[in-house]
Every structure is written in C-alpha cells, then in structure tokens.
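Notes to accompany the following structure.
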Amino acid sequence: MRMHTRLQFLKRVSNVAYSHGQEQAKKEKVYKEMTQLKSQINRLCRPCPWDWTVFQGNCYFFSKFQQNWNDSVNACRKLDAQLVVIKSDDEQSFLQQTSKEKGYAWMGLSDLKHEGRWHWVDGSHLLFSFMKYWNKGEPNNEWEEDCAEFRGDGWNDAPCTIKKYWICKKSAMSCTEK
C-alpha cells in the first residue's frame, strides 16, 4: 500500500508540474499576442486627426467652407489648434502650395491691433525675413485690409470680414511606445 500511495503522490506532483507548465505556456502566449497587438496599434497610430495633414511634426487642417478671419480664429481654437502661424521657409512653401490647390485661405497674421505692425495670433511679430512672401505691392491696406491670406504665389492683406477658407495648425502627437 505504501508503494501505491507513493505512486499516487508522484502522479499528483507530476500533474501539478504539468498544470504549472501549461499555465506558464498560456501566459507566454498571451504576452506574445499582447506584444504583437501593441506593435500593430503603433503602426495604426495617426499623429494627426482624420482630415488633417501632417508636415514636419505639425498637423494642418484645411477648411472645407469659408468664414471671416475672426470666426476662423475661433474655429481653430475649438479644434484645440490656432489659425496657422508660419515658423519656417519650408512650412511657408508647403502651405503656399497646398492653399493654391484649395483656394485663398486665412493665416493667423494681422495688423488689427496697430496698423502696419503685423503680428501672429500667438503674439509673435512678423519676422523681417518673412516679408519676402508678400505679393508685389502688399501689404497695402487698400480697403481697411488688416488680415493676411494666402493668395496666388504669396501673401495678401484683405478685409477681415471677407469669407475665405482657413488653415489651422497644432502639434502632431507622438506614436512612440511608452
């Protein structure tokens, strides 16, 4: 009988070890599947919302309808963005080309606070190096034109009350694993 009890005991130990091994294999399988899912999610990650365009770490929204400059500023705020503030020549080139395809569009530049002193909606002033982007003879304030738009191959000042397309900008999200 003693031998029989010993065999039963060994059989139970063996079953426990086998069960433990199966549990470990299940855990490893779940971990592997989880790692694969994380990898797939990262590939699906979008740094910008749908209908936005990514360029050099920023997201740009090109409106599908027109409104005046102030309403455009507010529309961008509602999207947790701002009417586009241009920070580089590359960005200017990208926006100018894209806006040419879509139509005249507001940017976040105006001289509403003080005539002739152009400021971006983020409070920064227009750099001298960007003056080259004004179309010939612009800005001219011909008709109380205090807001800037993309027009043709450059910038134009226009009355802020005119309805135009508009471009919002915000930082792109990171898709890296944390």
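Positions of Cβ are set from backbone N, Cα and C atoms, glycine also.
The disulfide partner of Cys168, as annotated in Swiss-Prot and taken from the candidates Cys48, Cys59, Cys76, Cys147, is Cys76. Between Cys48 (disulfide bond) and Asn140 (Ca(2+) binding site), the C-alpha separation comes to 36 Å. Counted within 10 Å of its Cβ, the other Cβ atoms near Cys59 (disulfide bond) come to 21, all protein chains included.
Ranking the disulfide-bonded residues Cys48, Cys147, Cys160, Cys168 by other CB atoms within 10 A of the CB puts Cys48 at the bottom.
Other C-beta atoms found within 10 angstroms of the C-beta of Asn70 (N-linked glycosylation site) number 15, with every protein chain shown included. Comparing Cβ neighbour counts within 10 Å across the binding-site residues Asn140, Asn156, the minimum falls on Asn140.
It is 17 Å from the Cα atom of Asn156 (Ca(2+) binding site) to that of Asn70 (N-linked glycosylation site).
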